[in-house]
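As recorded in Swiss-Prot, the features of this protein are as follows:
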type	residues	note
DOMAIN	224-480	domain 'ATP-grasp'
BINDING	Gly495, Thr496, Asn497, Gly498, Lys499, Thr500, Thr501	ATP binding site
Amino acid sequence: MKILKTQTLRGPNYWSIRRQKLIQMRLDLEDVAEKPSNLIPGFYEGLVKILPSLVEHFCSRDHRGGFLERVQEGTYMGHIVEHIALELQELAGMPVGFGRTRETSTPGIYNVVFEYVYEEAGRYAGRVAVRLCNSIITTGAYGLDELAQDLSDLKDLRANSALGPSTETIIKEAEARQIPWMLLSARAMVQLGYGANQQRIQATLSNKTGILGVELACDKEGTKTTLAEAGIPVPRGTVIYYADELADAIADVGGYPIVLKPLDGNHGRGITIDINSQQEAEEAYDLASAASKTRSVIVERYYKGNDHRVLVINGKLVAVSERIPAHVTGNGSSTIEELIQETNEHPDRGDGHDNVLTRISIDRTSLGVLKRQGFEMDTVLKKGEVAYLRATANLSTGGIAIDRTDEIHPQNIWIAERVAKIIGLDIAGIDVVTPDITKPLTEVDGVIVEVNAAPGFRMHVAPSQGLPRNVAAPVIDMLFPDNHPSRIPILAVTGTNGKTTTTRLLAHIYRQTGKVVGYTSTDGIYLGDYMVEKGDNTGPVSAGVILRDPTVEVAVLECARGGILRSGLAFESCDVGVVLNVAEDHLGLGDIDTIEQMAKVKGVIAESVNADGYAVLNADDPLVAQMAKNVKGKIAYFSMSKDNPIIIDHLRRNGMAAVYENGYLSIFEGEWTLRIEKAENIPVTMKAMAPFMIANALAASLAAFVHGIDIELIRQGVRSFNPGANQTPGRMNLFDMKDFSVLIDYAHNPAGYLAVGSFVKNWKGDRLGVIGGPGDRRDEDLMLLGKIASQIFDHIIIKEDDDNRGRDRGTVADLIAKGIVAENPNASYDDILDETEAIETGLKKVDKGGLVVIFPESVTGSIEMIEKYHLSSE
């Protein structure tokens, strides 16, 4: 077997609306394409031996062992690869469960789809699954050492991809409140919400965190001075820069015991406490100086007591933890080294921030701490005897936490909240040393030793003893107070034809409200009046530009087939989803071979509408109308006829619809009617001569109306939207030349040709078409373009795209010509493959009063060419 292609889906997609994080592998089964597992000698035995945990997979049997039963009875390798990829991730600590395997129209080629937690780990699991299967097929086995290495690699990928525990805690709380989030590339920053309603976090820093507060908190001596000036109890201390200043500094703080720590340190690095001799002080100075970027060392009076972390969020105390340094307790027989190994094997401990607790590491600092207690690594501790491995109680160095939130004295709460405000932090971790947190600091000689920006949440969320505290909730409350919205309205538009016009018209209607509208289309990404990026921008990457922009108040997103298949949607749900039509275009691409499969692709938009939103569906297109059964939100239809049975039934049920009736675009709900405007007064309809543009206007108007836009603003929007080259390039752009007219439209499929033809057929003069088609379409589709063109035009010029998408020069034109002749053997046509030359010929050949219709590859180039021709002919 070999992998032909791997892609990552990150939003609602063809395979699942709810399970949005999926790996899709295109797999060639090669020699085993016709061999189910029961026909491969030793395969079942080899698979069970290396992965016995597959017994937990139910598969379609709905009971434990169901999948292995299918392997024993005979199933194909694509299905087996799917289950192995899932199981490998499970074994590496990433819980997943969803998978699908489907054969494509090419025999032996399968799409294998499976869930992932972390993208790189998921892709790697897919590669390992194929390698494992190939090994069992050819040798009957897969090495245990190889599997161990694979799982180790997967765990490394998981660790490298995982967010920190504090960030993860905040994200889980956001998800519980249906707040969308996305990871920004800049320094592991996370965006919560969309557009103008977004907030950002980085670990436990937020976009509300003041830089002055962070700077002050990082300046430990400055923090202490500021707090002392405010009457807060802090340790006596001073800063030194050279070792020969140490003796004077010790005297200044009142002598031993003392604490030495780096001026700009963190996570307890370089700190030594309870120093009682000159030798200890000199050794501690070397440690602290080495841990400081500026070689600056704080010398402080040591205060006896327990180490506490007090967490203040948005001015309110939310949690208190007593922190105990990394330590081991003797059992009377084991050495300290053995006790450390035993402690590190506890399931709650992991490397770094991988788990609730961090494994205890042995280094110069820990050996020094042991030495000061009179211990070595080979010391056997008495039963119950405690050996500390760190002087500081940070969880990151192996410490543990005990929740003391309910025990802290009210005066200490007041002091902590005051400290956070004095330093200027919205989220502050305040380190308190006191013999008794239940008594006021001032009564027991307690002190504030540090204030930390970006404090860790792990000790509060998962203490070793005591109640876990949901400290993420007050963070979300602060970022989104009083249920402030995190989302912006998202209106998504899809279909085979008309997407760009409908998207731009809908965005134009929304701009009448005065809101900042961001939209994506086949011509570019737009924010308000300005284009951000030119080009075909109808995929999730482009949509992400809009959703990340902090100025955008409304997002209108054109969603094309390619992006949905390639990556899924950029959003997990939308407020309004518009499906215009489904026609035979792009068939044979991306394993979408039938129009029913294409309808499933387009239906992703309708199925992604949230429960309070609306799916706006074309009642005149049976494939679109059928999507209603899978919509979890509300449904509104549009139609070119009030007599459409779906419309009649929908209105009978008090549903909402937009209909073209008696020359008007009207909205119906139950028995009442609201007329938007007469079609001939809406420029995009070409004086009501372009039925497909009327349908687009109906869809856009209805989408705006169901989302609460006032009818007068909708009317104002459709009246002022002019389908010119500037407003809608390549969409029914009509140019009046001196003696004839030119129409440019980006129609490139049979349905598009028919739509433009409904307008062209009403033209009174000569009708000349400059036509072509994309090279990646099926032969029958290109021939159909020729057949339709012969019904529309008096004369045809066939040209080809510069990019024929894999076809030889001239083959596209030959197929179109075959279609023309098949429809009308006497049809008048020429082959002029170069687009520019073909257009120039058409402009010279058309009769006075005639119409030249251009279906271009380059919309911009064609428009510029016509505008120059117009100027030169005046």
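Glycine is treated like the rest: Cβ placed from N, Cα and C.
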Local backbone state of Gly498 (ATP binding site), from DSSP in three classes: coil
Packing count at Gly495 (ATP binding site) (other Cβ atoms within 10 Å of its Cβ): 26
8 Å Cβ shell about Gly495, Thr496, Asn497, Gly498, Lys499, Thr500, Thr501 centroid, ATP site members excluded: Val493, Thr502, Leu580, Asn581, Asn696
Across the domain 'ATP-grasp' (224-480), average pLDDT on the 0 to 100 scale: 93
Same chain, 6+ residues apart, C-beta under 8 Å of the C-beta of Thr500 (ATP binding site), given in sequence order: Ser521, Thr522, Asp523, Glu558, Thr728, Gly730, Arg731, Tyr746
Packing count at Asn497 (ATP binding site) (other Cβ atoms within 10 Å of its Cβ): 26
Distant-in-sequence Cβ neighbours of Gly498 (ATP binding site), under 8 Å, six or more positions away: Leu580, Asn581, Phe692, Met693, Ala695, Asn696, Ala699, Ala755
Cβ neighbour count (within 10 Å, all chains shown) around Thr501 (ATP binding site): 28
All-chain count of other Cβ atoms within 10 Å of Thr496 (ATP binding site): 26
